[in-house]
Amino acid sequence: MSIARRTTLSKFLIEQQRETNNLPADLRLLIEVVARACKAISYNVSKGALGDALGTAGSENVQGEVQKKLDILSNEILLDANEWGGNLAAMASEEMETFFPIPANYPRGEYLLVFDPLDGSSNIDVNVSIGTIFSVLRCPHGKQATEESFLQPGTEQVAAGYAVYGPQSVFVLTTGNGVNCFTLDREVGSWVLTQSNMQIPADTREYAINASNARHWYEPVQRYVSELNAGKEGPRGDNFNMRWIASMVADVHRILNRGGIFMYPADKRTPDRPGKLRLMYEANPMSFIVEQAGGAATTGTQRIMEVQPTGLHQRVPVFLGSKNEVERVTAYHNEGK
C-alpha cells in the first residue's frame, strides 16, 4: 500500500462524516483525541524496562487490584488528553472510584467517555499483548454530568473501541456502522486503515476461558465446556481448541479476526458478585464491537447491551463472539432457570 493511497483514521472519520451524515464533528474529534492518547500509551508500553514503567505502583485501584505503574500512567494520559478539548462533560475510568468531571476552566461538551486505560495489565512485565478499551455515551443532562449520567445501557453507546499494544499496535473502532481496524504506522505516526467491515464467523472451533477455574463454574458452563473438550467423539462431533491469553483485548481481537467464543463466567466462589469483568469499561464496549461485527454478547441469560447499569463499577458475566456458540451457551443457562 503506497503512502499516498493510505487511509488514515482522520481521513476515514471525515469521509464517514460526509457519507453517512451521522457522525457529529464533536464525536469525530473526540475519537481522534482518544486515538492520539492510545498512540502515546503504545509508545510508553513499547519502552518496557527502558522507560522505568514496569512493576507495581504500590497502590490499589477501586477494584482492590494492585496497580501497575503503566496502569496509572495510561490513566493519566487519557485524562490529560481529553479534559481540555471541549468534547466531554465527564470521564469515568476503571482505575478511579468516582467519575471525573471536566474542570470548570475548560469548555464542556455533550459526551461521556468511559475507559479501561490498560486492560490485561497483569501481562505487562512478561511482554504479552495488552490494550485500552473505551466507550462513548451522550450526556443525558447536557453538559452537567452526575454519576447517574453514566448509568445507561450499552445500547446507548455512540462509539466504542479498543487498542491492542502487541507486535503491532492496532486501533479497532465502531460508531454503529460496522467495525474497522487501523494499524499504527510508527514511521509517520498515523493510524492507517488496514481492515474494513470486520466480520466474526458465526461458527467456530476455538474457545477462550480460564480453565483453571473449572471446578468453580456453574453447571451450564461446565456442560458447555465439557462438550467442547469431548471432541469429535462427543455430542458436538467436532474437535475444539482452547486459547487463553488472560488479556481481554488480545482474546477478543483474535476472535474478531478468525472467530471464537470468549467466556468469563460468574462462579461459585463469589455468588454475591456476578462475574469479574466490568460492565461499563469492558463488557459494553466489547459487546458493541462484537455485535457490529456480526457476533453476539450475553451474560448467559441476557444481552449484555440491554443490562441496566446500577453502578460505575458493576460486574457481569461475559460470553461473546461467534453467534452460534454464544447462543448455545446462553440456551444452556436459560434451560436451568
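Cβ coordinates are placed from backbone N, Cα and C, and glycine is handled just like the others.
According to DSSP, LEU118 (Mg(2+) 1 binding site) sits within a strand segment. For LEU118 (Mg(2+) 1 binding site), the same-chain residues that are 6 or more apart in sequence and have a Cβ closer than 8 Å to its Cβ are ILE41, LYS68, LEU70, ASP71, SER74, ASN75, ILE124, ILE130, GLY131, THR132. Annotation comment: Swiss-Prot describes GLU94, ASP116, LEU118 as Mg(2+) 1 binding site.
Marked as Mg(2+) 2 binding site by Swiss-Prot on the basis of sequence analysis: ASP116, ASP119, GLU282. The C-beta environment of ASP116 (Mg(2+) 1 binding site), restricted to residues of the same chain at least 6 apart in sequence and closer than 8 Å, consists of SER93, GLU94, THR132, ILE133, PHE134, ARG278, TYR281, GLU282.
On its own chain, SER121 (substrate binding site) has LYS68, LEU70, ASP71, ILE130 as residues at least 6 apart in sequence with a Cβ closer than 8 Å to its own Cβ. The substrate binding site annotation in Swiss-Prot covers ASP119, GLY120, SER121, SER122, ASN210, LYS276 and rests on sequence analysis.
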Find the longest CA to CA distance in the recorded substrate-binding set ASP119, GLY120, SER121, SER122, ASN210, LYS276; express it in Å as a whole number.
-> 16
Whole-Å Cα distance, ASP119 (Mg(2+) 2 binding site) to LYS276 (substrate binding site), is 13
Listed binding-site residues (GLU94, ASP119, GLU282), ranked by Cβ neighbours within 10 Å, top entry = ASP119
